[in-house]
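A short worksheet on the structure shown next.
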C-alpha cells in the first residue's frame, strides 16, 4: 500500500502502474475538503515514485464521485473571500499536479461523475466509462460555477459550444452523449471497465497512444478564431440571459469567465475561474439554491425513513377520471404501479384515458419511449364503470368534484368494495380530511393526498394526516407518492392544508391592492420580474380558475374567519359573477386565444377594467417595494403560523412545499429562507408599516419573539474552519 487515507487509497497494480481508488465510508464518494487534501497527499506520494509508468483512477462504489460535499457549502461559503480563494488555489494545485504527472493517466468512470467528480476526471488524460454514466457540471443550479478547473478544462477538451451548453445549464449527460462530444474516450460494460482502462494505459505507456498530445490542449489557450469566439460567446450570453434571467447570476458569470479566459493558458484561466467563483459563493442566491438542495435531501430522507417498514403499493385505483384522474393514473402506471380508473360515465373515462395517452405520446415524440413501452404502460391503466378489480387494490385515491357531500358518498361506497387493509385517500385541495373521514367506518385507513396540476410536471404531493389517520396509512401513501417520482410532504389537517392555506392570504393581498387602486398588470409584472414568481397573481388565478379560487376562498374564509373573511366584494367575486373563469372558458383577467401550438395565449380585454372599477378605488400607482411587501407579508405570516401550529413540521419542509407546489422563486429558497435572508427584525419593521390593512398583516407572536433578537428559522451555520486548517499547502 503506497498511501491510505480515510476516503481513498493508493497502491501498485502491476509493473509501474499504480491505482488511486476512491473508497469513502458510506454508500457514495464525495469530493469534500478532506478528500481533496487526501488526494493531494496521495499525489505527493506518486511524485516520489521514480519507477511510476502510469496511473489508473477508479472507485469502489456504484458511482465514481457524486460531486463535492454540498453539506459543507453553506459553512465554506461563509469563509472570507480571501481565504476561500486561497483554499480554491490549493484545491486546483492538487488537480494540476494530477494533470502534470510525468506519466499517462486514465479514469475508469462508473455511474455518476458530477461537479467535482467530473472536474477530477477532466484532469486525467483518458476517461473510460460504463453505460450507466452521468457526467456533468451542475454547479450553476446551485448558484455557483465550477471551481476545480471545470470551466477551464472542459472548453479546451470539447470546444466552447459543447462545454458552454453543459456548464451554463448545469447539465449532465449520459454515456453515449459523453462519447459523442469527447467527454469520454470509450464506453464498455461494467465488467470490462478495469481491463479496458488498463489496455488504454498500456498503449499510452508503450507509445501507441500519444498521451502528451492529448494533454496539451488543456494547458493552452482555447483554439478559437476571433470570429468563432464572438459567435460562440454572443449566442451563449443571449441564450443564458433569456433562460436564466437576472435573478440567477451564476450561468452568465460562467459564460463571461470562459470567454475572458479563452485567450489564456491554464494558470491564468484558473485564476479567472477563482475570481468569478468566490463572489458567487457569497451571494444570497447561492445560499438559497444550496439550501434547496439540502432541504430536498432532507425531505426525501424523511420519506425514506418513514416508509422503510411498509411495502410499496403494487396496485392502485383512481376514483374520478377527467384531466386530474387521468394525470394521476398516467403517473402511477408510468412509474410501474398498475391502476384501475373508475368513473360513473363513459365520457369522463374517455377523457381520463385520452389524457394518459396524450402524455405517453409526448414521451414517444421525445424519443423517451418506443411504441412497445407505450402500449405496455397504457395497458396497465384499466378504465371501468364499476368496482371490478377493487378487491385487489392496495391504495385508492379519490379525485371527484370538490364537494364534501359527493366526496363522502363516493368514499363511503368505495370503502365497502375494497379489502379491510386498503388505504383510501382524497385528492381534495381544501376540504378538511377529518371532516371527510366522518363518512368512513375505517377512518384510520384514510388520509389526504393532494396532487398539483399538471400532475406529471408538479413534483409535490401533500400527504394530509387526519385526526384518525394511522402511521401505517401515511407511510403507505408516502411510499406510493415516492414510487410515482413525487416529493411527498406530510402535513397536518386544517382547511387548505399547507399550500392552499398560505396561497389564499397571498391572493387576499392581491385583492386588497386591486381594491386600493393598483393595476393588476403592474402587480403581475412586479411579482414576476422583480420578485421572481413564474406567474403573477392575476395570471395564476386565470390558470387555477376564477371559479375554483372563488370556491376555495369561501372554504378558507369559513375555516379562518378572523383573518380570511372579507368585508368587501373583491376582483375574484366580480369576475366570477361575470362568468369569467380564466383560461378554462377563455375569459379571466385576460382574454385567451389558442396559439399555433394550441396553448392559451393571453390578450388585453377592456371589459375587465369596467368590472374591476366596480370593486376598486380610483387607479393610483404603487411602488415595487410596496407591491412586494403587500403581496408577500400575508403569505409569510401564514407560513409561520402553520409552523407554530404544527401543520408543517419544519422550515425545510415548508420551503420545499412552496418551491415544488407553488413555484416559489428558487433563488429566494422558500419563505423561511427569504425571511432569514431579510432578517426577522427587518421583516417585522416592514410588516408593521402595513398592519393597518387588517389581521392578515399581523405578525404572529413567535415571529415577533424571534425579531427581538433577529433570530433565524434555520439553524445558524458557522463558517468553515480557517482555510489554513483545511490544508492550503
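Cβ atoms here come from the backbone N, Cα and C positions, even for glycine.
Keep in mind it's a predicted model, so treat the numbers as computed, not measured.
For the NAD(+) site that Swiss-Prot gives as 324, 400, 401, 402, 407, 429, 453, the extra residue drawn from 309, 343, 471 is 343.
Here residue 402 (NAD(+) binding site) comes close to 428, 429, 430, 431, 548, 551, 552: these same-chain residues lie at least six apart in sequence, with C-beta atoms under 8 angstroms from its C-beta. DSSP classifies residue 119 (site 'Important for catalytic activity') as helix under the three-state reduction. The average pLDDT computed for the region '3-hydroxyacyl-CoA dehydrogenase' (311-729) is 95.
In sequence order, 319, 320, 321, 322, 325, 349, 352, 383, 385 constitute the residues six or more apart from residue 343 (NAD(+) binding site) in its chain with CB-CB distances below 8 Å. Residues 324, 343, 400, 401, 402, 407, 429, 453 are recorded as binding NAD(+); their most distant pair of Cα atoms lies 20 Å apart. Long-range Cβ neighbours of residue 407 (NAD(+) binding site) (same chain, at least 6 residues apart, Cβ-Cβ under 8 Å): 398, 400, 401, 426, 428, 431, 436. Of all the recorded positions listed here (119, 296, 450, 500, 660), 450 has the Cα closest to the Cα of residue 324 (NAD(+) binding site). For the substrate site, whose binding residues are given in the record as 296, 500, 660, the maximum C-alpha distance rounds to 21 Å. In the three-state DSSP classification, residue 407 (NAD(+) binding site) falls within a helix.
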